[in-house]
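Before any comments, here is the structure.
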């Protein structure tokens, strides 16, 4: 980049080196140059801090910690020269000196609750906290919005739970063993704000469906079965169209298993929507239709796959929530964090303990559970816990994977960062788990083997099966990659697969669009109503006109002419990040043959838990071991603020 006209010209060695190493992006410098021009600031120490704030935002962090960075803890980013080396060359001998320089800069405002809102961030572009956290002002505003919401919830009283209705929803609850799904429902029903976390197959959807049934049942007059006057308005939402469609399917299936009165059954919605649709996305603008001045018209909001929700979206969701409404968050705290900045679910559940309740929770549950259940639960009480913990429930018993399941054991070992145990599971010969070690020297993939999983899909393409059936078949198998670029990246793997399919005669033309082409949206599209992450399959319609068929969040099929589909990429392989919110019968996951900042136990765990019946891992042992030892941690002020007790 040419710095000749930039105020960042007194010391550019560090910016040049960081740009070359791609540890910062051109946009990081452009943002700081804008701030420079805005205030006519030339202090390099302040400008470096601004560059770092922007770079760390790009890496998913909502702030930087001056003390950590000065002391060399760079949260996985590899700067050369290191920031503290450059700062020292400018005479800044400690994080305290850096803090003082920032405190005196017109670019920086001392942060406190209410000191900035999203609307006045131009006058206060950087926010500095007393503890040395430095934010882009918008992200400080987002974080404060969420903290204020949580603090408000912590002073609210508990709602009454009908013990008889709760017991009726759990008729098989054993008195010798605690039913943690029942406890989660009882706890969430007594709160305006609750979080239920659990891994795959732990019954999260079953649990929240019973929760909704209980809330509807309690709100209706049993003697008056006419629905409409007192039935709560319930909304179901998820971050992506795929996740919303899956929530729709799961809630519908869970409802069928409930033995409840018809008027309660009908009052529980089955159709989920995306968060963007729920809030009323105005494409091309950052503001949603629904906000504090025009809140959502709902009484209960259930959001699934919350690990995918970034900090800005969560703040906007909270902003649009009516003050009387209940909010139930559902997700797996151990999955990958959101693509954009923040680790909301991870921060909120940071100190949660398995099969434990706080003293406040136990006291609140006293009127909801039976005597024998309370006796058992009394042995699981934590006497001292932060207030946030009373809003949390953790489901750990898997109903999908038993003790002998290879996938279950593998996911558990990876989640606990147990390297030897993980390798033992991979080598143990489980029918549903296969490990194919890759060669660090020979960077070639066995594309023919990868392609075998799509044989049934191409068979149905030739038979011109219905779009709905084709989607069902396509979702049976998925190739996942950890990275985008390189031989083992999603772009190269997709290209290789399509070339293989063409050589085998599955693809009948070299046109961009052909029968069987599978794509995933990479941006929201206001013209078509499609969202980032929506998957489309290309097939002729009844008039033999090629269309791209998408399954919407409500389960409907939408066919578009290819010319109307923009911002897409092939999806015979997808990144693990894009796979969140989806499940497949069989998964093959490919790790790169070199270390990458994105490789960590969370990514591997997320990839494994996309598989329901069969999981195959293509990875070099050394790369795998390195990834298993690494937990990806995102910096924010949430964890300390919420869990400080």
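Placed from the backbone N, Cα and C atoms, the Cβ positions cover glycine too.
Here's what TrEMBL has on this protein:
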type	residues	note
DOMAIN	21-133	domain 'RecBCD enzyme subunit RecD N-terminal'
BINDING	198, 199, 200, 201, 202, 203, 204, 205	ATP binding site
DOMAIN	571-613	domain 'UvrD-like helicase C-terminal'
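Those same-chain residues not listed among 198, 199, 200, 201, 202, 203, 204, 205 yet with C-beta within 8 angstroms of the centroid of the ATP site C-beta atoms are 332, 395, 398, 399, 400. Across the domain 'UvrD-like helicase C-terminal' (571-613), DSSP helix (H, G, I), strand (E, B) and coil residues number 12 helix, 13 strand, 18 coil. Residue counts for the domain 'RecBCD enzyme subunit RecD N-terminal' (21-133) under DSSP (helix as H, G, I; strand as E, B; rest coil) come to 53 helix, 9 strand, 51 coil. Confidence across the domain 'UvrD-like helicase C-terminal' (571-613), taken as the mean pLDDT and rounded to a whole number, stands at 93. In the three-state DSSP assignment, the secondary structure recorded for residue 204 (ATP binding site) is helix. Taking a C-beta cut-off of under 8 angstroms and a sequence separation of 6 or more, residue 200 (ATP binding site) has the following same-chain neighbours: 332, 398, 400, 401, 411, 583, 609, 612. Around the Cβ of residue 201 (ATP binding site), the number of neighbouring Cβ atoms within 10 Å comes to 20. Following the DSSP three-state reduction, the secondary structure of residue 199 (ATP binding site) is coil.
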